[in-house]
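Colleague: First, the structure itself, so that you have it in front of you.
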Amino acid sequence: MVQIIDGKALAQKMQAALAKKVESLKAEKGIVPGLVVILVGDNPASQVYVRNKERAALAAGFKSETVRLSDSVCQEELIELIEQYNQDDTIHGILVQLPLPHHINDKSIILAIDPKKDVDGFHPMNTGHLWSGRPNMVPCTPAGIMEMFRDYGIELEGKNAVIVGRSNIVGKPMAQLLLDKNATVTLTHSRTRQLAAICRRADILIVAIGQGHFITKDFVKEGAVVIDVGMNRDVNGRLIGDVAFDEVSELASMITPVPGGVGPMTITMLLEQTYQAALRRVSQ
């Protein structure tokens, strides 16, 4: 029988432990980890994500700020705001919610964030640390998946891991983290031929493509561990993943649900990296 990887329960456990660490840091050093989230425009999905992040940060005892800007804000104004938070010693983590309006260049905004406060792990300096095997700030979704592997005792060394989707946010950093644990990694994408056959070789299958129920049982070998990063809406507005959960569960040994799988862990790792940034600030 398939085992459900309960990301929501793990996230709650980790956030409770994190709240205690935050309380100790405040009592011993007088430091409260500070996180600012900048939201540009009124994208409904982004608004939900930002509210969830704000709620989790406050529950864990963080100083939490949310800045909401009109989608007409110019790139220079946004960079100027980021620079203000770069210089603010009470803020240890800066997150600019993506996607941004078309007139704002994502890369320029990411470059503007102090790498020490880049809790999303997207700054080239942090990706460089990741590729060189010395990760500091790591993109939160792959970091959360690695925590799930650890908590559930999922062996990675020597395993065939297939990642569907090569984004800078999930696919590429996920591949590097798995390589660091001595997995054999195949990174697939929209031009990959015979995708189903490749996926069927996977001991561990991680899917992040943004296409609802794209992965059916035809893509999965019996006993595989399946990690579903997708968040999509079906015709009835119901939240679904990239994996056809019911039919894939018949073959998989372990699987993450949507919702309640990877999503809560992404927020947890955002908070954990903000806390670690605050600790590094104290030790300077």
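Glycine is no exception: its Cβ is also placed from the backbone N, Cα and C atoms.
Pulled the feature table from Swiss-Prot, pasting it below:
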BINDING   Gly165, Arg166, Ser167, Ser190  NADP(+) binding site
Colleague: Restricting to the chain of Arg166 (NADP(+) binding site) and a gap of 6 or more, list residues whose Cβ falls under 8 Å of its Cβ, or answer none.
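Modeller: Long-range Cβ contacts: Lys172, Leu187, Thr188, His189.
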Colleague: In which DSSP state, out of helix, strand and coil, do we find Ser190 (NADP(+) binding site)?
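Modeller: It is coil.
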Colleague: Including all protein chains displayed, how many Cβ atoms other than that of Ser190 (NADP(+) binding site) lie within 10 Å of its Cβ?
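Modeller: Result for Ser190 (NADP(+) binding site): 10 neighbouring Cβ atoms inside 10 Å.
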Colleague: For Ser167 (NADP(+) binding site), what residues in its own chain, 6 or more apart in sequence, show a Cβ-Cβ distance under 8 Å?
Modeller: Ala208
Colleague: Write out the long-range same-chain contacts of Gly165 (NADP(+) binding site), meaning residues 6 or more apart in sequence whose Cβ is under 8 Å from its Cβ.
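Modeller: In sequence order, the residues whose Cβ lies under 8 Å from that of Gly165 (NADP(+) binding site) (at least 6 apart) are Gly171, Thr188, His189, Val207, Ala208, Ile209, Gly210, Val229.
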Colleague: Which residues, same chain and not among Gly165, Arg166, Ser167, Ser190, have a CB within 8 angstroms of the centroid of the CB atoms at the recorded NADP(+) site?
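Modeller: Counting only non-site residues, the set is Val164, Val170, Gly171, Thr188, His189, Ala208, Ile209.
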